[in-house]
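Taken straight from TrEMBL:
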- 4-353: domain 'Isopropylmalate dehydrogenase-like' (DOMAIN)
- 76-89, 282-294: NAD(+) binding site (BINDING)
- 96, 106, 134, 224: substrate binding site (BINDING)
- 141: site 'Important for catalysis' (SITE)
- 192: site 'Important for catalysis' (SITE)
- 224, 248, 252: Mg(2+) binding site (BINDING)
Ligand code: NAD
Ligand code: IPM
Ligand code: MN
């Protein structure tokens, strides 16, 4: 049966990079028999401009009715002074919570051709293969109460709440342990249990859950040390599991180990494996509209979609092989460019992947 992909380009470079990912999907359909249809929707600032809301009802309905969602990015200077409830980012957060996408997989994988594109020494990053499992629908991002209030003395006070229930911790732990079973069976749970009660509970529940899986080697690390270890000796990690906010921050740091944030794809999954797929980076308003953004994170997100939701691992492999091939050819967007390689634009990079797919 034909599967439906909801395509939500969003804002800024979202438009440009998703166009390249769509080219890739089109080739898989035309040349390799991938049975999918695509339907576009509005999200983020562009949705606010057109419909007055960053997540119009029809977009959430479209996402719910689709088998998978492909998202570009949201946000931009233009919408920064809007009230927080209607800011572009709320569109993305609404999709995550509205679809129950609690498990965010962010693989930081170094393509060997890019070892010298990383700001770290090649020997520190070569062979890097980390899976960051970020909890995505809880924690301080969604905790209540939240807001800004005025105190008796007239001073304003901002507040957010870090909250996790046992079941929320347990289910993200399970996802991390399941993934680790197919990898090196090592899970590092990142918390701040020395200061925050909420993550003290996080640690307890992780230990309990790991108890049922003797094959797994579970370790714990405070988030400040984890940030340092990621840049000191990143290859010590196999799977990292952490809270919504810590995962947001650590995955941007991990991205740089792979050469550029423009290389990191992600999958956000619900209880049944339905998912939304997006690069981990944002709408990069500083480079939007210039045809210089790296589309590979988005193209690699399509590969994750094929593997995790559409059950087409062979097609996922084709994309990853094509990306390898064009990196072998020396094609680089500006963010991963190094002396001696060929600088290409966003569309040229997408075209090169398409050509490599066609062989
Ligand atoms: P960003 O990830 O958009 O950009 C950070 C830096 O990385 C910028 O210098 C940018 O040019 C560069 N960069 C990002 N993606 C790139 C790519 N594919 N190729 C080459 N360079 C790339 O983060 P930011 O600047 O902090 O945020 C900009 C906007 O994006 C904000 O509105 C923010 O809220 C939003 N944002 C959205 C998402 C998302 O939609 N998932 C993620 C992060 C940030
Ligand atoms: C990400 C982004 C989002 C997040 C923002 C835009 C809401 O930074 O996907 O990493 O913080 O989760
Ligand atoms: Mn982020």
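Cβ atoms here come from the backbone N, Cα and C positions, even for glycine.
Curation plays no part in TrEMBL annotations; they are all automatic predictions.
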Separation of alpha carbons, residue 252 (Mg(2+) binding site) and residue 141 (site 'Important for catalysis') (Å): 17
Residues near residue 288 (NAD(+) binding site) in space but at least six apart in sequence (CB under 8 A): 11, 12, 13, 15, 16, 76
DSSP state at residue 84 (NAD(+) binding site), helix/strand/coil: helix
Per-region confidence, the domain 'Isopropylmalate dehydrogenase-like' (4-353) (mean pLDDT, whole number): 98
Spatially closest candidate among 96, 192, 224, the listed recorded positions, to residue 292 (NAD(+) binding site) (Cα to Cα): 96
Recorded positions near ligand 3 among 141, 192, 248, 288 (Cβ under 6 Å): 248
Entries of 248, 284, 288 (binding-site residues) sitting next to ligand 1, with Cβ under 6 Å as the cut-off: 284
Sequence-ordered recorded positions from 88, 96, 141, 224, 248 with Cβ under 6 Å of an atom of ligand 2: 248
Number of other Cβ atoms within 10 Å of the Cβ of residue 252 (Mg(2+) binding site) across all protein chains: 15
For residue 192 (site 'Important for catalysis'): intrachain residues, at least 6 apart, with Cβ closer than 8 Å: 199, 222, 223, 224, 246
Neighbourhood of residue 84 (NAD(+) binding site) by C-beta distance under 8 A, where only residues 6 or more apart in the same chain count: 90
Distance check against residue 134 (substrate binding site) for the binding-site residues 88, 248, 284, keeping those with Cα within 10 Å: 248
Residues satisfying Cβ distance under 8 Å from residue 96 (substrate binding site), sequence separation of at least 6: 136, 137, 268, 276
